[in-house]
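Visitor: Mind having a look at this structure? Questions to follow.
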Amino acid sequence: MYAPPFVRAFGIAVLAVLPSFSSPATAASLKSSGSSSSCRCFPGDACWPSPADWKAFNQSVGGRLIATVPLGSVCHGTTYDAARCADVKAAWPYADTHTDSSSSVLAPFFANQSCDPFLPRETPCVIGTYVQYAVNVSSVADIQKTLAFSQKKNLRLVVRNTGHDYFGKSTGAGGLGLWMHNLKTYDIHDYKSAAYTGKAVTMGAGIQAGESAATAFKQGLTIVSGICPTVGLAGGYTQGGGLGPLTTRYGLGADQVLEWHAVLANGSEITATPTKNSDLYWALTGGGGGTYAVVYSMTVKAHANEKTTGANLTFPNAGSEDVFFQGVQAFHDIIPAISDAGGTAVWTVLSKALSVGPVTGPNMTKATMDSIFQPVLQKLDALNITYSYSSGEFSSFYESNAAYDPPVVSNGLQIGGRLVKRSDFTGNPDGFIQAIRGIADQGGLVTGASYQLSSSLQHPPNSVNPELRKSLISFQIGVPWINTDWATDLHNQDLITNSFVPALAALLPSGGSAYLNQADFREPGWQQVFYGENYEKLLELKDVYDPNGVFWGRTTVGSERWAETEDKRLCRVS
């Protein structure tokens with residue numbers, strides 16, 4: 001996940017508390033709200049597996065079944081422990097608190113206040129929208145047995161790794177999770193095919209960006225990934241496209257994939273490459289995670305370490321707002337130049353400051369980076385704006401990123417997004433400034449990730465939204481999560497859907513598109529906005545490889561055929 005600078009440690013009661021924002025389907029359009037086979041079996045239903053069923057299943061997977069105990073349980077009821085509760089609250093903003101859990105999620109909206117550590121002690125601790133159980137996957141056999149059990153018992157299946165997800169795809173009420181987090185194999189090897197000859201890495205689905213980067217660096221290599229070190233690479237990040245700081249240099253994360261190793265819904269083990277099972281390869285490579293098959297490993301290109309320059313720039317809104325946004329515009333003016341020089345940039349505009357960084361320049365000198373920023377610094381001097389600018393040249397991307405992308409604490413942000421082409425951005429500079437200013441004035445923030453995908457970057461055909469390839473910037477519009485004010489959080493989600501995203505969409509032809517990993521889960525017309533012209537073909541392949549809809553997540557291909565009822569059970573839509 002290409003995470004905004006204020007969200008990188010984030011690429012989130014009673015079940016009915018969560019408003020039914022996730023689907024346009026109404027209760028009347030659902031085939032059933034009970035235990036009919038049109039709905040996934042739910043705790044309390046007659047069809048729910050018995051304790052003996054769960055025991056037998058646990059034995060079949062070598063004792064790797066985990067019954068969910070929410071992290072917040074130490075803050076409630078008979079399990080209350082004041083010291084441990086304080087520790088959980090203090091650790092809650094850190095990604096590692098959640099990524100090593102078999103049930104927790106980093107997008108708190110989709111936890112739905114389930115056993116929330118910030119609710120009063122007397123509030124009952126319920127599993128709520130967390131998965132009921134998860135299998136700590138260690139082998140293909142674990143995946144196959146879990147798929148078979150979930151279908152035999154008509155259970156909701158959730159494929160999860162780290163819980164990094166803005167759409168709640170990593171959890172589900174009444175769900176059985178396939179927890180891929182501990183598949184940590186990492187094999188660097190030589191690779192030869194018609195499409196690519198060179199170094200490659202075959203990594204397990206549990207490998208996270210930071211682990212990959214550190215291991216590859218020691219071998220003189222760089223692997224394309226996002227910024228956030230705790231994001232799992234083989235899941236939604238790469239399967240959803242894979243924007244990152246090396247996009248301009250090497251292409252998207254999806255463009256690096258040489259092979260997918262997966263298990264289909266029917267339990268068949270399969271390898272997909274550009275020449276073998278090529279239709280599945282095409283769908284997995286950009287068509288969204290957790291949709292067509294369970295990926296247990298992937299093989300990707302590995303690139304030699306090379307000189308990389310990093311940079312940061314920050315300045316406050318310390319006086320006139322008009323003057324501050326003139327400074328923001330000065331930075332906007334150099335974004336195309338950063339891309340043209342082979343670099344990428346990430347920045348965030350808030351009402352009180354602009355924070356730019358990391359700016360990443362692979363194969364770029366410090367002198368080149370400084371020359372690109374010179375017009376901005378001159379403008380800031382002329383405006384009498386105090387700023388901090390730093391740049392440095394390193395022998396590798398790994399070292400540059402370590403210096404210019406320090407970890408940020410935040411696990412809460414509700415977001416929307418839009419992709420913006422160069423011509424739209426440079427052709428209406430005042431329009432974008434006014435839209436961003438309006439969002440910031442209402443307590444929101446706007447993060448941009450700039451890049452440029454050249455046609456000279458060769459890759460096999462894949463299902464990445466063509467609009468992502470044509471764009472200069474992926475904008476994310478966010479509102480920080482407030483752990484202690486649910487009503488305000490719900491209001492802020494409405495702001496994103498009904499005000500903030502439309503403000504940017506109004507500046508774009510036909511309302512624009514969005515990067516499917518970082519957008520509003522309530523996006524109207526998400527099929528076109530997230531997947532573009534590829535949606536119909538992807539839907540056809542969904543029917544080929546998952547005809548019974550075993551894999552489901554909000555805004556995944558084919559997800560409109562299912563919806564959650566008021567109590568969050570998953571049912572087919574009539």
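In case you wondered, yes, glycine gets a Cβ from its N, Cα and C as well.
Pasting the feature list from Swiss-Prot:
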SIGNAL    1-27  signal peptide
CARBOHYD  ASN58  N-linked glycosylation site
CARBOHYD  ASN112  N-linked glycosylation site
DOMAIN    126-305  domain 'FAD-binding PCMH-type'
CARBOHYD  ASN136  N-linked glycosylation site
CARBOHYD  ASN266  N-linked glycosylation site
CARBOHYD  ASN312  N-linked glycosylation site
CARBOHYD  ASN363  N-linked glycosylation site
CARBOHYD  ASN384  N-linked glycosylation site
Visitor: Between ASN58, ASN266, ASN312, ASN384, which of the glycosylation sites has the fewest other CB atoms within 10 angstroms in the structure shown?
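Guide: Result for the glycosylation sites ASN58, ASN266, ASN312, ASN384: minimum number of other Cβ atoms within 10 Å at ASN384.
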Visitor: Does anything in the same chain, at least 6 positions from ASN363 (N-linked glycosylation site), have a Cβ under 8 Å from its Cβ, and if so what?
Guide: ARG249, GLU306, LYS307, THR308, GLY342
Visitor: Using the alpha carbons only, what distance in Å do you get between ASN312 (N-linked glycosylation site) and ASN384 (N-linked glycosylation site) once rounded?
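Guide: Here the two Cα atoms lie 19 Å apart.
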Visitor: These are the glycosylation sites: ASN112, ASN136. Which one scores highest on other Cβ atoms within 10 Å?
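Guide: Of ASN112, ASN136, the one with the most crowded Cβ is ASN112.
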Visitor: Nearest of the glycosylation sites to ASN58 (N-linked glycosylation site) by CA-CA distance, picking from ASN112, ASN136, ASN266, ASN384?
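Guide: So, of the listed glycosylation sites, the one sitting closest to ASN58 (N-linked glycosylation site) is ASN136.
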Visitor: Measure from the Cα of ASN266 (N-linked glycosylation site) to the Cα of every one of the glycosylation sites ASN112, ASN136, ASN384, then give the nearest.
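Guide: Out of the listed candidates, the nearest Cα belongs to ASN136.
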Visitor: How many whole Å apart are the CA atoms of ASN384 (N-linked glycosylation site) and ASN112 (N-linked glycosylation site)?
Guide: 46
Visitor: Pop the Cα-Cα gap between ASN112 (N-linked glycosylation site) and ASN136 (N-linked glycosylation site) into the table, whole Å please.
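Guide: Here the two Cα atoms lie 24 Å apart.
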Visitor: Please report the three-state DSSP label of ASN58 (N-linked glycosylation site).
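Guide: In the DSSP reduction, ASN58 (N-linked glycosylation site) maps to helix.
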